[in-house]
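Peer 1: Structure in structure tokens, see below.
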Amino acid sequence: MTQRSLVLLKPDAVRRGLTGEIISRIERKAGWQITALELRTLDTETLEQHYGEHKGKPFYEPLVEFMASGPVVAMVVEGERVIEGVRALAGPTDPIAAAPGSIRGDYGVIVRENLIHASDSEESAERELKIFFPGRV
């Protein structure tokens, strides 16, 4: 089933010069295509919309601060089972638990600065794509 997913390469990925490597891993998957890509620094309003469900949790403020600390690469990735697939390619949120060969397993350092975000469901993808690519998707 063809799906669309929002993928964000977080400020640590951009700062460490890993965007090319991560994008290359996504592009090498047969049948997946990056249909939109932007480099941008996220404002508070966008971050509040994106992470609103976590407001009030202990990690919310540090997460928003980190995500606003530098540019991110925002992408729309389309393809067969892309939501499940990109999340598998990324690996678990905790880089220590992530297997070698996954993005976080190979390059991740700490939980909050874990390089990549990918939509976790079709519903999340639809909501997130409207936030990051309004009018385009």
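Just so you know, glycine gets a Cβ as well, placed from its N, Cα and C.
So Swiss-Prot lists the following for this protein:
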BINDING   K10, F59, R87, T93, R104, N114  ATP binding site
ACT_SITE  H117  active site, pros-phosphohistidine intermediate
Peer 1: Judged by the number of other CB atoms within 10 angstroms, which among T93, N114 is the least packed of the binding-site residues?
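Peer 2: So among T93, N114, the binding-site residues given, the one with the fewest Cβ atoms within 10 Å is T93.
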Peer 1: Rounded to the nearest angstrom, how far is the Cα of the residue listed as 'active site, pros-phosphohistidine intermediate' from the Cα of K10 (ATP binding site)?
Peer 2: 7
Peer 1: To the nearest whole angstrom, what is the C-alpha distance linking R104 (ATP binding site) and the residue listed as 'active site, pros-phosphohistidine intermediate'?
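Peer 2: Each residue's Cα considered, R104 (ATP binding site) and the residue listed as 'active site, pros-phosphohistidine intermediate' end up 11 Å apart.
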Peer 1: According to DSSP, collapsed to three classes, what secondary structure does R104 (ATP binding site) have?
Peer 2: helix
Peer 1: Which number gives the other C-beta atoms within 10 angstroms of the C-beta of F59 (ATP binding site), all protein chains shown included?
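Peer 2: There are 12 of them.
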Peer 1: Using Cβ-Cβ distances, find the residues under 8 Å from R87 (ATP binding site) that belong to the same chain and are at least 6 apart in sequence, listing them in sequence order.
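Peer 2: Same-chain residues close to R87 (ATP binding site) (Cβ under 8 Å, separated by 6 or more) are A118, D120.
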Peer 1: Same chain only, sequence gap of 6 or more: which residues have a CB within under 8 Å of the CB of H117 (active site, pros-phosphohistidine intermediate)?
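Peer 2: Same-chain residues close to H117 (active site, pros-phosphohistidine intermediate) (Cβ under 8 Å, separated by 6 or more) are L6, V7, L8, K10.
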